[in-house]
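Enquirer: Below is a structure I'd like to ask you about.
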Amino acid sequence: MGKAGTGESWELEFLKLLPPQIRIDEADRVYNIELPNLIGEGNGLVPSSALCLGPGSGRFLTLLEDTGQLPQGPAIHEFDPGNTGFISTGKFRSLLDSHSSKLDPHKREVLLALADSHANGQICYQDFVNLMSNKRSNSFRQAILQGNRRLCSKALLEEKGLNLSQRLIRHVAYETLPREIDRKWYYDSYTCCPPPWFMITVTLLEARMGVAFFLYNGVSLGQFVLQVTHPRYLKNPLVYHPQLRAQAWRYLTYIFMHAGIEHLGLNVVLQLLVGVPLEMVHGATRIGLVYVAGVVAGSLAVSVADMTAPVVGSSGGVYALVSAHLANIVMNWSGMKCQFKLLRMAVALICMSMEFGRAVWLRFHPSAYPPCPHPSFVAHLGGVAVGITLGVVVLRNYEQRLQDQSLWWIFVAMYTVFVLFAVFWNIFAYTLLDLKLPPPP
């Protein structure tokens, strides 16, 4: 496991370096903390009103709330006599050296990089808040990276004596993150709480329902190949069908039905090999957002570009994650240190191409039950489009707020426009074009 949680005593000591009033910007809110309310003439109790800062305002403040006390430490004016909110890098290093035994070595390295990055010889308290609250801005990241270039430290990959769980976390870090400072940060802070529940839950549901329906349909229909075109197969309430496009849940639930056991198997493998590590690093919220956005974009793309075809399979979400991951590797090729990355990228692209080629062939293969067509392949393309836009922004901004990224808002706006366009298309275009749709199941 990572080693997060060490060094809190040092963080509390640093809290005493604040000027009489500080400002913490967190989640677009500004909190004013009157320092005399926090620190008295010794180990005074911390008033509860001083701790009502809202979620995510720093681990050291959470610790204060738990303990109710502040330990002894240096006086405020000793390090910041002018109450400027800054201290010199020399005094910062002195404080760091005096508490180095309490700090995880990787966190100490990040703090040293922070000190080395300030050419003016001063460190702002807000940088420290950003570091300890895991909310690193772009400017802060650049400062850390600039300072890190001057550090001659051992790479995480060279560390010895790690147990199995630590080696797994290190492996995931090298598989997904292109910067060494981010890999060390992830390695120290990952606690497997919560675990990657989203991808595991979705994959288990897809596997269980896919296998169950495959066996049931194989027995009831008397065939285990190309079940998807059978009229009784399309009666399933989860499959997207153009005649039933008004049933909005079908734009999402089609992921639980697949065209065959090979279709299900490839999607499950890719979700476990790519989706689970990505969720371990970036969290269920971000990876779930990319996955669901790819799923919805896939079905909507089919309703616009392949209007007469049904849709099955989770390829929209899978291709969103895989294409985002592959694009992130290509864009950060020199920084990605995963083993055999060229060979593995080639294998991944070959597998995806074969699966996509199978879907294209199946779409235009004559149906055994005309006029019921085979499922569309366009959902794959919708997933790829989401992956190389929204997905890449998510993967490139580890531990940073997406709302601070202009590209994020640009791609969100593009996605919103596409969804609105597809909704109006489904309402009006089918009637205006007078298409001959397959009969309702």
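For all residues, glycine too, the Cβ spot is worked out from N, Cα and C.
Just so you know, TrEMBL annotations never went through curation; they're auto-generated.
From TrEMBL, for reference:
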DOMAIN    246-396  domain 'Peptidase S54 rhomboid'
TRANSMEM  251-276  transmembrane segment
TRANSMEM  288-305  transmembrane segment
TRANSMEM  311-330  transmembrane segment
TRANSMEM  342-364  transmembrane segment
TRANSMEM  376-395  transmembrane segment
TRANSMEM  407-433  transmembrane segment
Enquirer: Using Cβ atoms and a strict cutoff of less than 8 Å, what residues sit near the transmembrane segment (342-364) while being 6 or more residues removed from its termini?
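Expert: Non-local partners: 226, 259, 262-263, 266, 270, 306, 309, 315, 319, 322, 326, 329-330, 373-377, 380.
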Enquirer: Given the model, what does the mean pLDDT over the domain 'Peptidase S54 rhomboid' (246-396) come out as?
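Expert: Here the mean pLDDT over the domain 'Peptidase S54 rhomboid' (246-396) amounts to 90.
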Enquirer: For the transmembrane segment (376-395), which partner among 251-276, 311-330, 407-433 gives the most CB pairs under 8 Å?
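Expert: Out of the listed stretches, 311-330 contacts the transmembrane segment (376-395) most.
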Enquirer: Please give the sequence-distant neighbours of the transmembrane segment (407-433): residues at least 6 beyond its ends with Cβ less than 8 Å from one of its Cβ atoms.
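Expert: Counting only partners 6 or more residues beyond its ends, the transmembrane segment (407-433) has Cβ contacts under 8 Å with 242, 245, 293, 296-297, 300-301, 303-304, 307, 386, 389-390, 393, 397.
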